[in-house]
Amino acid sequence: MGCFSSKHRKTQNDGGEKSIPINPVQTHVVPEHRKPQTPTPKPMTQPIHQQISTPSSNPVSVRDPDTILGKPFEDIRKFYSLGKELGRGQFGITYMCKEIGTGNTYACKSILKRKLISKQDKEDVKREIQIMQYLSGQPNIVEIKGAYEDRQSIHLVMELCAGGELFDRIIAQGHYSERAAAGIIRSIVNVVQICHFMGVVHRDLKPENFLLSSKEENAMLKATDFGLSVFIEEGKVYRDIVGSAYYVAPEVLRRSYGKEIDIWSAGVILYILLSGVPPFWAENEKGIFDEVIKGEIDFVSEPWPSISESAKDLVRKMLTKDPKRRITAAQVLEHPWIKGGEAPDKPIDSAVLSRMKQFRAMNKLKKLALKVIAESLSEEEIKGLKTMFANIDTDKSGTITYEELKTGLTRLGSRLSETEVKQLMEAADVDGNGTIDYYEFISATMHRYKLDRDEHVYKAFQHFDKDNSGHITRDELESAMKEYGMGDEASIKEVISEVDTDNDGRINFEEFCAMMRSGSTQPQGKLLPFH
């Protein structure tokens, strides 16, 4: 699978390698003599087109006025041959590609320009490339090879990471220790330290954004997604709500934050690495946010009584509510549990791996089930939502576009930023066609009306259980997911593995209910700010 970066990417390692042992992951800590003297150096001042590397040969002589990257159009196929698809997201597709001149293999993320609707979308893509170029050459960060643009797409060519996702490797091993977790968190916090010393705040740290560089036991862990990252500006307070619900810091929800949010997110990852579940858990994203604001950490439930005090001390320091008192990246790397060998090598309870497996990815079936429930609700149950949809759908097409959503929410008194409106659009758009239909709109908003009663869940289960056998079979799941444009092999395999807790190859009603009552339903990397 490839190292590729996108705010809208689908997990790469669907159906990937699952037989690789876990060792403490190779990492490089920035030596003291190589660290910049100031923690927040100025970002590069070169124009974006001077920062993006492309071959000097065969340039197109005329710069097109429609260019996004600010440089001449080039045909990527002059330099690379595109191979199999690695992943598909909201904005485009990632392929394996081979450099024609050398035969070297890379990952190529092709972003469709017609899906970059707003000026902000285009600026986000430029900034992502700029930051990846700026961080290029640093350990534990994916290398970007070059960026190309033609009339239809922007193509990012980057390092191919064949080792797959972090959690997949941990789960595949079947046994796990604090020492292994310490090696992993060292790599993750090393990325944070590099970013902060080079004047970048990541803003979306989560396990899915880290891949292994190869299938080797000692493969390096690489950060792959900088789509929400920004340059740190002296004295600036950030107010956009960004990130993923489970990993978001309390100050983000208060709309006043800085680089300290990355340490909080890394602390959440550490908690999951040690227990298999996130520290702040609820049945919907509002509940998760409430728990984050409270900041009460459970060290009583299993396996915490058997986890070392040193590990718990580090978790507490990383999940300190006050960002001014929160531990820094450099301090994490100096902590005795990380540096002093205090992390024991004894196996952690195997139940942690089971919980981690259930948690590891977004549950597509749950999102689909919410849409099915929305389609079966009565007018009384959804009350004003139909009117709200009609008011936003100004051209009466039956679907809401990004521009309609932005305009409509502003008219309704919303103060969401462009980034947040875009996140809402992506979260609600189940079939990924770039618009929200009526039932997608209802399913994205109905949680506020507590429409999670048993009869609705049972109706949704019956929708999938076509033969009324009391189980959702693989074929029934495939049929339902294809109906909504989600029926690729990897997605079906992912859903079965997440929901089928008794491992009989099908989903019974109890498993379905447990899934529906679990945590957030929103896509990884996005918050749904529509409460």
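Keep in mind that glycine also has a Cβ here, set from the backbone N, Cα and C atoms.
Note that the structure is predicted; figures quoted are calculated from it, not measured.
Swiss-Prot assigns the feature region 'Autoinhibitory domain' to residues 343-373, out of the candidate ranges 157-187, 343-373, 436-466.
The Ca(2+) 3 site is set by Asp465, Asp467, Ser469, His471, Glu476; from the centre of their CB atoms, other residues of the chain with a CB within 8 Å are Phe464, Lys466, Asn468, Gly470, Ile472, Thr473, Arg506. Cβ atoms within 8 Å of the centroid of the Cβ atoms of Asp500, Asp502, Asp504, Arg506, Glu511 (the Ca(2+) 4 site) belong to the same-chain residues His471, Val499, Thr501, Asn503, Gly505, Ile507, Asn508, site residues excluded. The number of other Cβ atoms within 10 Å of the Cβ belonging to Thr399 (Ca(2+) 1 binding site), over all protein chains shown, comes to 18. Least packed by the Cβ count within 10 Å, out of the binding-site residues Asp393, Asp429, Glu440, Ser469, Glu511, is Ser469. In the three-state DSSP scheme, Gly92 (ATP binding site) is classed as strand.
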